[in-house]
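Q: Here you go, one structure.
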């Protein structure tokens with residue numbers, strides 16, 4: 001590190017400490033290499049130092065050897081127990097400093113900075129309670145497919161579909177029984193509402209905080225559940241789904257950010273996947289409840305299915321009242337003391353100064369950005385923006401939500417009975433949960449890329465097998481799969497679901513939440529959720545019609561997308577395992593063969609002061625203003 005100290009009355013002394021030596025000792029004077037650092041007008045007032053500025057002064061540093069290009073150095077200001085950390089980063093430019101260093105410079109090392117943090121009970125509890133937003137989302141995904149296959153529900157709200165599924169004299173194609181725009185709107189309206197709500201959620205996440213945004217989501221969920229369970233006509237049903245969609249928009253905006261920011265770096269991936277794990281648990285619960293309520297006599301089982309969504313809705317609302325706000329959000333809104341106290345509490349240690357000051361510096365930079373959405377379009381933010389949008393599009397184009405929304409309908413279509421179709425949906429839901437647990441264990445060990453690439457191969461093969469079986473055995477008016485082929489279809493669907501659940505499912509949310517810098521994180525998460533919900537809406541609204549027209553070819557359509565997305569990951573998605581969020585630019589984008597072209601032109605030194613060498617600058621005090 002570069003250690004900044006008061007040097008009597010003469011000014012400031014800088015010492016270079018080598019982080020590689022066992023005791024972190026000061027490098028000794030051995031050779032006549034001198035670097036003269038000019039520091040002037042370096043504003044530290046926002047960090048609470050006694051004097052608002054460090055007085056202009058020049059100091060000479062004699063070092064044992066020139067810093068190697070693969071090391072990063074830090075400037076630590078120390079006065080009366082108040083610290084600040086400023087990263088000195090000099091890119092490989094032909095400035096005075098880089099010439100003196102024989103073409104090298106201060107650049108980041110391969111690994112990220114590991115701040116001291118314990119895995120405290122408060123972090124675990126906060127993450128579990130926050131992730132109930134995923135439980136609500138998952139329940140909504142799973143319950144819609146189940147109730148739309150219940151005869152009583154169809155007869156009350158969609159009599160045309162009920163006649164097509166129950167009257168054999170109508171001579172409808174097996175693939176077209178459920179092709180109805182109103183039925184698809186029941187499912188997809190939730191996601192269209194979520195898309196709209198996301199724009200408002202971005203504002204509340206930034207100005208009110210992550211915790212109040214989760215509370216708003218919970219209230220929307222409760223209101224939607226009440227309307228759905230009591231629905232008397234299609235309009236009331238759709239309005240309830242729209243309110244649920246608003247809850248999804250707010251929850252999907254706030255929860256992944258909350259989890260990423262409260263979790264220690266080394267387990268950030270695992271805790272973030274709690275959100276996706278709860279999505280899968282919600283789907284499984286919905287399938288189990290649908291299986292039970294379908295057997296209720298009297299035709300009111302669908303009301304119970306829709307009404308039980310109130311359980312995760314209440315859990316999310318209560319959880320939002322009990323958890324702490326994230327330090328990032330508190331610091332971002334100027335509440336530094338609260339942010340520091342919360343950081344100390346969730347990390348379980350008093351040694352939180354380096355992490356706190358990095359958050360303060362990131363927040364200071366963020367406040368300089370007046371228009372986060374406009375800033376999101378800047379060249380330096382292209383890498384996380386492009387990858388986040390692509391991941392959301394690809395996540396939906398795997399076809400997973402088509403299977404999860406309409407699993408009972410899909411199994412009905414290919415010849416399973418009503419009970420058998422719900423039972424098969426329960427099996428796929430259970431596989432979904434277990435595979436997400438695999439992801440929690442492996443994401444911070446194997447990394448993101450390996451999981452995405454392995455899953456691409458597994459999903460591609462399983463979808464091709466499903467398409468071949470359905471193409472041979474299921475025609476427009478014959479659906480006699482036979483027990484052997486029926487079992488094979490369920491196994492292949494489970495193979496596909498398991499691959500998705502330990503890769504594209506959780507990582508589609510994790511990677512965007514951990515790659516955007518603080519100044520654009522709310523805006524970036526908002527765009528991520530918007531794109532996801534837009535394509536979820538498109539797939540939900542179009543799938544049953546696509547199934548009618550494409551027939552078994554629908555699985556070949558999705559498998560083609562899986563091939564494209566695997567190529568995209570191989571070439572363009574870098575590994576983000578164990579990299580602190582605030583260091584993502586230096587450790588990830590600046591090292592990538594393509595993305596480094598977008599981030600390398602953002603200036604040479606990340607500080608308000610300038611650096612010159614031996615007094616040979618283009619301005620006074622040896623400052624090279626061109627750098």
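From the backbone N, Cα and C atoms, a Cβ is placed for every residue, glycine too.
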Q: From the ranges 182-201, 342-361, 362-381, pick the one that TrEMBL records as transmembrane segment.
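A: Within the set 182-201, 342-361, 362-381, TrEMBL attaches transmembrane segment to 182-201.
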Q: With TrEMBL as the source, which of 137-155, 156-174, 213-231 is set down as transmembrane segment?
A: 213-231
Q: I'd like to know the mean pLDDT over the domain 'Major facilitator superfamily (MFS) profile' (126-577).
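A: Mean pLDDT for the domain 'Major facilitator superfamily (MFS) profile' (126-577): 86.
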Q: Using a Cβ distance cut-off of under 8 Å, indicate which of 182-201, 213-231, 271-289, 385-409 has the most pairs with the transmembrane segment (421-443).
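A: Stretch with maximum Cβ contacts: 271-289.
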Q: Same-chain Cβ contacts of the transmembrane segment (552-573) under 8 Å, 6 or more residues past its ends?
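A: Same-chain contacts beyond the ends: 386-387, 390-391, 394, 397-399, 402, 448-449, 452-453, 456-457, 459-460, 463-464, 466-467, 470-471, 474, 504, 511, 543, 546, 594-595.
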Q: So which residues does the transmembrane segment (301-323) touch in its own chain, when a touch means Cβ under 8 Å and the partner is 6 or more beyond its ends?
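A: Non-local partners: 125-126, 129-130, 132-133, 135-136, 139-140, 143, 146-147, 150, 152-153, 211-212, 214-215, 217-219, 221-222, 224-226, 228-231, 240, 244, 247, 251, 258, 282, 286, 289-290, 292-295.
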Q: What residues elsewhere in the chain lie close to the transmembrane segment (271-289), defined as a C-beta under 8 angstroms and at least 6 residues from its ends?
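A: Answer is 123, 127-128, 130-143, 146, 255-256, 259-260, 262-263, 304-305, 308, 312, 404, 407, 422, 425-426, 428-430, 432-433, 435-437, 439-440, 443, 501, 505-506, 509-510, 513-514.
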